[in-house]
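Asks: One structure, as structure tokens, below. Some questions next.
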């Protein structure tokens, strides 16, 4: 028997497709027989198997038909679950769909009857059940499939009945696909056209819709991934299919169509690269330079993606995705066609250098300039040893932006300190197996860094952390001298990845300062709240003191809650990342930090009203309503609108900080109101200084009264002289009458003087209360504005960034900014320095 070839043909593979040895297929052929072994029982491998061979100069063909049973995971139920209103029910249709592989199925519903068949799409068969009446209680409807094989497969659709009085989420006005759902249950719909997967949305226990969770993948990218898996399994000709798949993937990632637009799409593209590389190395497929160029271009484009929270979501979906990406590059380097001369392929984020070393020209190849910042040296003894059998080819990849794709996993050799991965990572592959190859990396550290002697050299170990991969320093020795870091690493066959990890002394200093500021803030705010509550009944005597005291309490309370959320989010990020908790922490930090600023805005507006619009009197209830509207309602609207606009698209937060995203400007919804409030309060401070410098009305009245009293004293003396000259002629009866009238006039003047004193006292209290508002507003507004100006300067003045960063961090340690909120200044200037 000669020229034995195996093929498969089914409804999916309409044309005959040749089979090869792979992960799913094994072919063993001898002189008298050929055996095909299938290691997968999914229905995609069912169909007609064809064996062609030549025997005694005749062409023979043998056909086999193989059917695999339907499994429960092959059934798609639409909807997966549904909630029905007990009143006003209009009916619902349940569907169970399977891939149409040509088999005839009998489908029974329980409860129900035999279902009708509806052709849905191009490849699917859907079996339906119409429900016209609401079940009396929650019911699970089961569809059972019986095909040519005796095995039965089934799937369930859960129907939840919303009884009268039950809490539920109403139908979404903006997206009617989200039907009424009972509180505590999830709703699920299919992804939009062109996407495969589902979108899940929870209805919480209070009857409020949560934000949808998208698990949608582009159909074309997903189809390419499936084809790569089948190719690796043995379906198709690798030498022909691999170049076509790489070219198709290049079009999907770099073309104009939005094929790769979500984290699930990027994950599918990386998995396709990894599967293609495995198929190439397992089948010993030689990769040409043109194919390698396309492969590197695809990898570089993937590293270029900067969709918000992309890499966080990718790590959450597949923790080993970084190892798969780097392993795919290393696999393709190993099967790159032999080169007779040096080769260089440059992409935006990846640079490939292939170096051909010959014995005759060994000295000229002692250094490889991979990048202006990196040089590579080879020990002459090692090179002489390697080139004794011929030429030595070494492929070196310089990869930028790869650190965001590799997980922050550190082996036992790197425990005990924080680390930061540099963007530039090197990968080197030799064309022969040789133990004990020492490659020395020399890296000129950045000129503006001083602690370069803390750098370390590490390898990416694919076996660490249950196969997810991690950084290890066990096979590397680090030498630091001046501004150079030299790595001497020993690795069998290849030095996979080498990077330089500076121990985070700088970051540790900032973290310690931030932790100190946070602790100081919480302690100060707690103390301030206690003092405010204790002194309330002694301080609050006027309307002005009431507004000031209530504002101060709410400012301290908002900052305290926001600081606690900050500590909570730090704990979340230091342990296992949880997207929902991170989003909640970001929302509450945004809400309460903004609310604290709006309470300061109210104090500024109230001070302006008292100084400029003093004639406008407001009732206490009206003031409380205005205070709550400004202090809480406005920030709540801003926070909710921001969440609703950016969270559905996954651009709401920065997963590394659990706060608003900076890349796409979401942070402006926080910084813009705070800056605007700071400028408004600065204006109020200027008006306040001008007003408080002028004498008050009572002081002007006292001065006028004093002048009148002095003039009156002189006039009365003259009159008394005239009266004394004429008084001898006046009768004694008139004198007694005049004395009585003077006594009554003195009593009336005394009463007016007492009333005026009381008015002056009240005006003095109001003035003291206004000054109590003005002092902290002046100091805190000045510090807040200074901090924001420094942070703005840091983004444009690179030359003095270190100094400005220290000053800004120092100020932020005792006040409010987006990263280090503190209530120390609030406690000092608004509480402890209040003389009242």
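Quick reminder: no glycine exception, Cβ is built from N, Cα and C everywhere.
Automatic prediction, not curation, is the source of TrEMBL annotations.
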Asks: Of 555-576, 709-730, 731-752, 753-774, which span is tagged transmembrane segment by TrEMBL?
Replies: 555-576
Asks: By DSSP, what is the split of the domain 'G-protein coupled receptors family 2 profile 1' (178-209) into helix, strand and coil residues?
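Replies: The counts are 0 helix, 17 strand, 15 coil.
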Asks: Quick test of the contact rule: Cβ under 8 Å, at least six residues beyond the ends. What residues does that give for the transmembrane segment (623-646)?
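Replies: Those are 211, 543, 546-547, 550-551, 554, 587, 590-592, 594-595, 597-599, 601-602, 605, 652, 660-661, 664, 666, 669, 673, in sequence order.
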Asks: Within the domain 'G-protein coupled receptors family 2 profile 1' (178-209) only, compute the mean pLDDT.
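Replies: A mean pLDDT of 90 is what the model gives the domain 'G-protein coupled receptors family 2 profile 1' (178-209).
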